[in-house]
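One structure is given below, encoded as structure tokens.
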Amino acid sequence: MSPLGVALVGLGLVLCLFLTAGAGSQLLNAAFGLWFSELFVFLGAAWVLLRATRYEPVSYTGLRPQGWAPAAFGFALGVANFFALVAPIQFAAQSLAPEWLRQMFDGSRIFEGQSPVELAVLLVGVSVAAPVCEEFFFRGLLQKGLLASSLSRAGAVGVTAVVFSAFHLDPVGFMARVELGVLFGLLRLYTGSLWPGILAHSANNVVSSVLFLLAREFDEGGMDERPPVQGVLLIMLLGWGALAGLITLARKHPALWGARQEPFQAPSPDRPLVRWALPWVLGATLSLGGLALVDMTGIRLNMIDMKQPLPRLKDDAPDALHAERASLLLLRAEVRSGRAPLQAYAEERAQQALRHRGQEP
């Protein structure tokens with residue numbers, strides 16, 4: 001099968017798995033679902049497909065390391081790009097989007113109601129698993145296939161970036177992620193390796209996660225307030241200065257771009273496909289079973305939350321509502337630890353949801 005054929009089949013396969021198994025696992029448990037989607041959908045499905053089509057995954061995708069310098073350059077570029085472009089684009093998108101759309105696609109809610117262990121698992125997943133696994137699929141498999149099509153190099157990078165952003169199912173953050181996809185695609189194109197893009201992806205996610213957690217911890221003004229325009233302009237200028245400095249440095253030291261790798265060659269299959277696919281299917285199945293065995297209470301709590309949705313309270317909401325919501329979260333934690341019955345949480349959540357619906361215009 002040609003690289004373009006592999007890319008198109010891979011896109012269809014990963015999309016189906018992402019919208020079914022991936023989405024379902026994230027509804028059961030956000031932290032588990034993130035890792036499940038990354039390992040078994042983006043990485044696992046792409047890996048098995050490459051083996052099935054007689055390509056060696058590491059060589060084909062550019063996953064072979066090229067040294068620390070290009071990777072470090074990618075990480076620094078990711079940090080600078082966040083402040084120069086991602087933050088201003090996202091600020092503009094949130095300013096233009098209606099409140100209901102921002103509330104509906106508020107990605108920060110994934111961190112709410114998580115235990116300390118789950119929060120740590122989420123942060124590691126966002127910072128490590130997502131960059132490695134998503135770059136393997138989007139830039140290693142999809143972009144490589146599109147480069148073998150009639151599209152120009154810019155077109156292949158751009159189409160991959162749009163697909164990458166669309167997979168996040170976030171219209172408010174769509175343009176910011178397209179810009180990120182272009183950056184990661186260019187790094188893959190000009191370095192011949194996935195690792196600079198992986199480190200740039202990781203840097204972006206680390207910075208955004210840290211800033212969110214700091215804002216949640218110390219921002220007395222509330223999470224609903226957006227930063228002032230002057231502050232966004234200042235960090236944008238600083239980011240552009242850092243970007244200019246990094247690009248100048250790379251021009252003076254071409255080793256920062258790394259050495260282009262030799263073209264891949266498709267080897268003969270060294271063992272039957274079933275021996276590649278079986279560990280993937282078995283691992284995914286056992287991990288889902290393990291989640292049910294270890295955290296059935298958490299799954300039931302998440303099911304209750306889905307049946308009785310509650311919107312995020314605004315910062316200017318009455319103190320009584322904030323106290324009521326805080327009490328609900330405390331009750332949820334007690335149920336999770338086995339100190340309170342599940343039925344108590346289900347009843348309280350249903351009552352609060354009913355009162356909220358009664359207050360809606």
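Cβ atoms here come from the backbone N, Cα and C positions, even for glycine.
As given in TrEMBL:
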- 33-50: transmembrane segment (TRANSMEM)
- 71-93: transmembrane segment (TRANSMEM)
- 113-133: transmembrane segment (TRANSMEM)
- 118-207: domain 'CAAX prenyl protease 2/Lysostaphin resistance protein A-like' (DOMAIN)
- 154-174: transmembrane segment (TRANSMEM)
- 194-215: transmembrane segment (TRANSMEM)
- 227-250: transmembrane segment (TRANSMEM)
- 273-294: transmembrane segment (TRANSMEM)
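Across the range of the domain 'CAAX prenyl protease 2/Lysostaphin resistance protein A-like' (118-207), the DSSP-based residue counts are 75 helix, 0 strand, 15 coil. Among the listed stretches 154-174, 194-215, 227-250, 273-294, the one sharing the most Cβ pairs under 8 Å with the transmembrane segment (33-50) is 273-294. Counting Cβ pairs under 8 Å to the transmembrane segment (227-250), the top-ranked stretch among 71-93, 113-133, 194-215 is 71-93. Restricting the average to the domain 'CAAX prenyl protease 2/Lysostaphin resistance protein A-like' (118-207) gives a pLDDT of 95.
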